[in-house]
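Visitor: Structure in structure tokens, see below.
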Amino acid sequence: MARTLLLLLAGALTLQGLLPLLPEALAGDGLARLVLTQSSLPRLAMALLAGFLLSMAGEVCQRIFANPLAEPGLLGISGGASLALAAGLLLAPALWQAAPGLLALTGAAGALILVLAVAWGRGLHSQALVLAGVMVNLCAAAAHALLVLFNHDFLQELLTWQAGSLAQAGWQSGLGLLAQTAPVAGALWLLHRPLQLLMLGEETAQGLGLSVRRSKLLLLAAAAWLTASVVATVGLIGFVGLAGPALARGLGGRSGGGSRPNLPRAGLWGAVVLLLADQTARLLSGLAGDVPVGAASGVFIGPLLVLLSLRSRSPDLPARHDPPAPARPRRPMRALLPLALAVPVLLAIALLIGRSETGLHLTTAGDLAAVLHWRLPPLMLAAGAGACLALSGLLLQRLLRNPLTSPDLLGVGHGAGLAFALAMVFLPESGLVSRFALTTAGAGAMLALVSLLAARARFAPSRLLLIGVGLGSTAQALLTLVLAAGGPKGAALLSWFSGSTGGASLPQALLAWSVAVAVLAAALLLRRWFDLLALDEVVAAGRGLAVTPARAAGLALAALAAAAGTIALGPISFVGLIVPHLVATMGFRATAPAALASVGTGALVMVFAQWLGGLLAWPWPISPGLLAALLGGPFFLWQLRKHAA
Amino acid sequence: MISRRPLLAGLLALTLPVPARAAAGPRLAVIDWAAAETLIALDRPPLAISDSGYFASRMPFDLPPGVVDIGPFWEISLEYLARLAPDRIIAPASALMMTPRIAEIAPVDIVPTETRGSRLDLAADLARQMAAVAGLAPESAARLVEGTEAALAAAGRRAGHSSVLVCVPDLSGRLFTLYGRGSLPDAVLARMGLANAWTGPVTALGTYRASLEELIGMEEATILLVEIASMRPRTERMLRTSALWHAVPAVASGRAHWIGNFYPQGGLLSARHLAGTVAAALTQG
């Protein structure tokens, strides 16, 4: 039903675009014919082709990882491609001029190779692959943001290009893309059977004589090739890789299509989705200038995923249990002591060593007052926000039992960012009173919406994930649109989005810290609930736990911490995503020590990043959010590699 | 790790007045390039500006020596600025939101950055405001405004009368950022006696992103493509092979020219520079 509607809508919009041109073109009007054959038709073809390819790549990834949220972007492929293109444009324009496609493919290949290298052990274990992919993505995004911020002269070009417009002037780029991808798409179709075997679980597939590692490698390389080719041709178009396969499986939760991979079917639905999105973007263009479909498609697909989570009885792919990670020795509580001491020590170092015109500068008794006055608030704010986000991430990962969950999922960051961005672009400058008030309002509104939807889904983890990603994609898309129209203000927005501390004051830092302490206290009190929920809800219910209220309480705590962290620092996801993993590798497993260790580690990471970010490019700040991702990312990858081997 | 002597020397240098010509007038820190440009035009170069590197590369004139960089406009280095101890800070309202604590360092003069009217009027207002802040007589601002208007009128006489489209082609040669109502090029063209070929909808910045087919309808316009150096060869290559591009009337009759980059949020100096560029492009063809 919903699918028929989508089809009809896409068809109607396409006709609406073509009809005014057709009679004139057929009557022999040269200009109308030119527009029809060189602009309208190539654009339709490009939408269909790009949608088909992205969705097919998405289906491959979702099947390999048995995760409905997996798409090639998840493996760092689009992040790597777009980073390589941006870096090429700025650092090696001659190379960029000659072969942008080659650059994009190199970037995508680099990212994929890195991810594969990290997850090489144990037959390319899915969880390690996805974790490595998310990490590489975060690093690439941080590096990209840094490039854009330090070259904001090119900001507009980089951002608008990245927003993915399908406007065409001729057939060359479409034909080029087709030639580049057709052989690979064909090969993927031939690899249909290994994909089907892989879905039975890695051990079963191995038992049936399939080389799991080689098959995964081939499949992923093919998906990467398709994605990178599209990115190099038209820019970043996210979410089609999610929505196409989801539509192909059926919105109504019919299980029939769910069990077997069907690449052409997924591809076709992806083509329909992108066509619909692009035709809508074309309609909107008449009002405000070209609307990049990469952004517009996100606006669409958000509600689609939310719908999917509410309507469907089982939106997930068939469940499959991956073997648990090898247990590491438990660490006793007193191992927390060095961590607790490290925070004040690092703070003292950061206050002692700064930079001035002449190089590094040791704080003297004379300038101590000034240093405390200016340097302490951002340091304290970064630490407090780090503690909040780490704690929020830990609680979420426990409650939803998904290692890829980060506080972004609650929509807090997107809501805050959206309110801020809209105010920056649409309010007159005099109306911009307080960033704090704006972000608080945005975070609150989005949190209310998420809670409402989550309550309807009875706080079930898989549905919460879909809701979070859906709302996030919509907010992200609106943001891209706002940024592309924002001019120089775009840089200010981008800086906030990467977690800047320029507006820090001591009261704000104290606010973040008091929320961190309050949430920590509550988590310690309720530790038994969270320990049980992290295991299994059947077990938890069997031990007399009221699962839904407990989960709601946990989510409320996580949301509070995420809101405090985001409002203080910006919607950075690195700390919330990674610190819980780091804490686990340190050996803190039960909720109580893990929560304490998360607060300490989150604060420590952010203090270090804030300090170093103030030194590196002085007087230009590197926001602690970006630096934490750039430095912490490789460290985390190395950790992951050690455990995967 | 750090030798104390250069450090002390550096600190000492800080306490001395900034060299060059800053002897007269208040020491100003500027977080807005249009304001900085205007102060330089008034011969009162600021003590410090945000992102001096960008300023130096984008503006059609050299940055006076001795002007220091205090970081990007969205997050200037507060600690450094406090050490420089300017008499006043000149900033747009958004700087007060991004870095509210600048108000603790010195009194902040808010400069306007948006207008519903002509950007040239905004630039003239800015000139008067900057003259007042720098402690100059109102006549110096009036001289700058009159000088600019005379230069624009002279450039207009050289350029003749026609309809002009100023636009930035994107990397792919498929999309164009057009300057319309409320933008600096629109105001400059009007003052030169030229018609802006784009009168359609615009964003808050006075721009509109058009696809190539929208240029085909412009029968009379001369198209001026703004050059972004590292991208031009590729854009040119894409345009050369595009049948649509060759169907644009201006291209078909040789009325499409490249012009140098300019700062679209700039003040009177930027306007004068742009007028000269436009006139040169229109007379060359």
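Every residue, even glycine, has its Cβ placed from backbone N, Cα and C.
These came from TrEMBL, pasted as-is:
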TRANSMEM  A:43-61  transmembrane segment
TRANSMEM  A:73-96  transmembrane segment
TRANSMEM  A:128-150  transmembrane segment
TRANSMEM  A:291-310  transmembrane segment
TRANSMEM  A:374-396  transmembrane segment
TRANSMEM  A:408-427  transmembrane segment
TRANSMEM  A:433-455  transmembrane segment
TRANSMEM  A:464-486  transmembrane segment
TRANSMEM  A:506-526  transmembrane segment
TRANSMEM  A:556-579  transmembrane segment
TRANSMEM  A:591-612  transmembrane segment
TRANSMEM  A:618-638  transmembrane segment
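Neighbours and distances for these, please.
Guide: Long-range Cβ contacts of the transmembrane segment (A:43-61) within its own chain (Cβ-Cβ under 8 Å, at least 6 residues beyond either end) map to 14, 70-72, 74-75, 166-168, 171, 173-174, 177-178, 181, 185, 188, 195, 219-220, 222-224, 226-227, 229-230, 233-234, 237, 240-245, 248, 261-264, 266-275, 277-279, 282, 293.
Proximity of distant same-chain residues to the transmembrane segment (A:291-310), defined by a Cβ-Cβ separation under 8 Å and at least 6 residues beyond the stretch ends, is recorded for 2, 47, 160, 162-166, 234-240, 242-243, 246-247, 251, 273-274, 276-278, 280-282, 284-285, 453, 456-457, 462-467, 469-478, 480-481, 484.
Beyond the ends of the transmembrane segment (A:374-396), by six or more residues, the same chain brings 343, 347, 350-351, 354, 405-407, 409-410, 499, 501-502, 504-506, 508-513, 515-516, 519-520, 523, 530, 554-555, 557-559, 561-562, 564-566, 568-569, 572, 575-580, 583, 594-595, 598-607, 609-611, 614, 624, 628 to within a C-beta distance below 8 angstroms of the stretch.
Within the chain carrying the transmembrane segment (A:408-427), a Cβ under 8 angstroms from the stretch's Cβ atoms is held by residues 392, 396, 400, 435, 438-447, 449-450, 464-465, 468-469, 471-472, 475-476, 478-479, 482-483, 485-486, 489, 492-493, 496-497, 555, 558-559, 562-563, 566-567, 570-573, 576, all 6 or more beyond its ends.
When Cβ-Cβ distances below 8 Å are used as the criterion, the transmembrane segment (A:506-526) is approached by residues 376-377, 380-381, 383-385, 387-388, 391-392, 395, 436, 550, 553-554, 557, 560-561, 564-565, 568-569, 591-592, 595-596, 599 of the same chain, each at least six residues removed from its ends.
Within its own chain, the transmembrane segment (A:556-579) has Cβ neighbours under 8 Å at 134-135, 138, 142, 381-382, 384-396, 399, 404-408, 410, 412-414, 416-417, 436, 439-440, 443-444, 447, 450-451, 496-501, 504, 508-509, 511-512, 515-516, 518-519, 522-523, 526, 598, 601-602, 605-606, 623-625, 628-629, 632-633, 636, counting only residues six or more beyond its boundaries.
Here the transmembrane segment (A:591-612) has Cβ contacts under 8 Å with residues 331, 333, 336, 339-340, 342-343, 346-347, 349-350, 353, 378-379, 382-391, 393-395, 398, 501, 516, 520, 523-524, 527, 530-531, 534, 569, 575, 579-580, 582-584, 622, 624-625, 627-628, 631-632 of the same chain, all six or more residues outside its ends.
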